[in-house]
Structure formats: structure tokens, C-alpha cells
């Protein structure tokens, strides 16, 4: 879990009360935020918090203070953030590498050393958590008074413009930034092709080269009073969610929020948008999940402590909830129920010890997983662990498969478009891992063992009509990767598992015809292997031959 270091005086100032170390140690964990340690640094008391990944709004001292004020009853209900319209415009062109953007203006903010440190730390934590190290989104915060509107977000050639990158006094082109600047070298893999995203002002002064570096011109300091916030990325939800979190944090510092008009091919949108979300939940649903007997008033009180607005509808006999825009973690009613539990107080729940003592042991499938892991590692492969959620593009389109020819389980309310399908296969995710590591040396040999989810109309478990299928998959890439190499790996693994099998020719759209085989056990096809089709290799932007296999674990 990510950790943040918070200056205790700054935290107390935002909460508007003094806090003893004992209070911090006791109260914050009950709010769902672990206190790692309290220590002194440069004669200042520092509190280190461990933040759950599902609460990115807690990655700043402003967010923690906002949540704590509600938790202890200083504030209640939805925080109010006024947005004033500015006359500033941003012209957005078609930026293929990072097509989504969001902008906001914060005026009249007082920035001292603590505020500046908080802004920088929040940026970096959000880059890692929501941004996946700037892949999904990147943040830029600038001194507004040093630039002139309108602003332009567009693509340019690598040598089309020169600017001073942040922290440097040397003029560089975008191409030179990727070759010479430490941030450019580190994040060059995020920009492919000969066009580079850039944000400039009316006078063509460079504000930012996302997701790499800001311009030196707009560097923020303690003298800054007005800010331009820009978020760009590959994931629309990530961009919008990040902008909301940052804008609310800066508003909690008494900054005033102003919107801008984004103009894209004649279409106009206003940014930021802090419109609250809404949800409905019944009293029975909450009480059944928590094992409590709360009435509507008690539930609403808990919800308001969690900084929701809530009211009971006698007509519908449910509770209507308004969710603040910075709560990007709310996916369904279970998240709301968890907040009710936290603000009811975990210490108020009664626990009963089980009547019968039990001793756990590894499930048979876990024993097989462990055996396969050890065998694959013995063959010189590295284990990776991908997310169970992916998307149709990675799982099917890039694998030369028609989506219509495949059945899969789709998430009802995905957190992002990149994670809306439960994987029915592992192989595409391994290819995506290779794509993310193509800047590393060859050969690369990786495998994964884990569950996939497939449609099964006969399965009545929880009425889902789907089931888990354990699988093992591996890929190998280097200059001379070939069919015989992957065939030897597959046969070696199956022999180690002491399974009778046979191999026959197989036609699969992801593999080269004539260089693909199926694995047959008990007259049933349990897997396949071979040389990946050149189109698949190009779809994942890989530069060398790739071989791979995937097999069910019976």
C-alpha cells in the first residue's frame, strides 16, 4: 500500500484542532487509515500513513483532513465546492498517443513550503496509483500568471519547437528531451511514433510536454498565487478522477476553482466537472450485510460522517445518496455499506468466536500451482502476476480473434474501460507484459499460473453461470524463438506432471498456420502452443519472434 508523510502541524491546521499522538494512533485506523509511525524530522513531527489503494483521495493531507473532520463529527454531509466560469479556452487537437485531457484553474491560493510539498507529493502518489506510473494519466500544475490564454493541446514533430524543461536552463526539442533529460529517458517508452504531445499558450510558449516534463517557464513556487492544472492521458476516467481529486485538495487550501472551455473539433465542454454522482440503497440491504438493526436516521448519520449527502425516500422506501466527485472509488453499494460500517464504528460490532476450531491446509489446486511454478522456474522462466480484469481489445482484437466468436464475462460497472472484462485467457496479458518490458534486454521468458473465468450455463454457483478455470501460460521472445523451443517446454512440463497426452496440428488465429499444435488429454483439447502470428506481434508492438502456450490445469 502507498504511504504518505504528513506534517503534523499542517494536518492540525487543516482539521482545525490539536491532535495528540495517542488520538492519531487510535482514530485514524478506525477511519480505515493505518498509522505506520510518528517521528521527528528537522524539528518537525511527521506522521506516516499507509493508504488503501481504493482511496486515492486520501493520498494528500487535504484529503485526510477532510475525511477526519467528517469522521469525528466536525463536518457532515457533502463538501461544497463552487466553480466559477472563466473566459479562458483550451483548443484540443487529435493527440493520438494521449487523447484525453482535463483542465482547471485555481486562483488566490497561498502557497508556503508545506503546501508546495503537499502538491508535489500528491502528484507523485497519483502518478503511481491512478496513473500507473504516468501510463494512464500524467499531471501538470503550473503558474498561471506566467502564460497567456488561449492554450493549445496538440501533437508536434520532434524538432518543431524548443523549450527549457523543468529544472534545466538548456533549450531542448521534444526529441532531445527523450534522449538527454532524465525524465525523458525514463518515460520515453510511453511515447511511440514521430509525433509528441505538447501544451502551449497563445505565444507558443511550452507549458508542458506530457507525460514527460513541464516547462521551466511555469514552475510553481511560494510566490505563485494562481494555478493552471492539466491532466492528460490514455484513460478518460483516470484523467477526470485525478483532476477532481487535485482540484478538491487545492480548494481545501482556500483556493478558488475556475473552469475553462475545452474546444475540440467544434465541440465544447467545461472542465472541471464536480457534479456529484448518486446512488440508492435500502435499509435492509445495509443491515443484512452488516448484521445490524439500524434505522434510517442512524444510517443517514453514518453516511453524512462519510461526507455523503443522504435522505430517506418514504415513497421508494430507500435512502437516496449523493456522492462527492472526489470519491472515485465508489463502484457499487458495497462501497457505501463499508463506509456505513466505518462510521458506525468497528469497535461497536460484537464478535463471536467459532464454536469449532479448524486447521487449514492447501487446496489440491494450490498444490498443483506450486508444483508448476517450481517446474517453470526450473526451466528458466520468470513468474508474473497480471490483473484478472482486462478488455476486449487486448484479449481478442490484438490476438486476431473476433469478439463475436468469443464468450466472456463483462463487469457491470468497470472502474475504467481498460478493466471491464474478466479474463478467459492468460496468453494476451503475457504479451502485454512483454510490450511493457520491450526496453529490457532479451531473451525474455515469463509465465503465469492462475484462474480464468469462462461462461458455463450449467453452473448455478451464485447464479452467475460462469466458472473459474485454472490455467498455465508462458511466452518466450528473442531473436531465434521458434516452435521447437516452446514444444520442448510444454512437453517437459507435462512429463513432470506425469500426464498422458498427445499433440496434433491445430489452427488458431493467434498463431502461424502450420506452426501451432493442440494438447490433448483424455480425448479433450486442454491447450495449445506455437509461434505467434506476425500480426499479433505487431499488434502488441513487439519487435522479435514470440512463442507461447496456454493449458488448462485439470
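Using the three backbone atoms N, Cα and C, a Cβ is placed for every residue, glycine included.
The annotation Mg(2+) binding site is assigned in Swiss-Prot to 329, 335, 339. The DSSP secondary structure for residue 335 (Mg(2+) binding site) is helix.
Look at Swiss-Prot and you will find 274-351 tagged as domain 'B5', backed by sequence analysis.
Excluding the listed site residues 329, 335, 339, the same chain places 54, 55, 327, 330, 331, 334, 336, 338 with Cβ atoms within 8 Å of the centre of the Mg(2+) site Cβ atoms.
According to DSSP, the domain 'B5' (274-351) comprises 33 helix, 16 strand, 29 coil.
Within the set of binding-site residues (329, 335, 339), the lowest number of other Cβ atoms found within 10 Å of a Cβ is recorded at 335.
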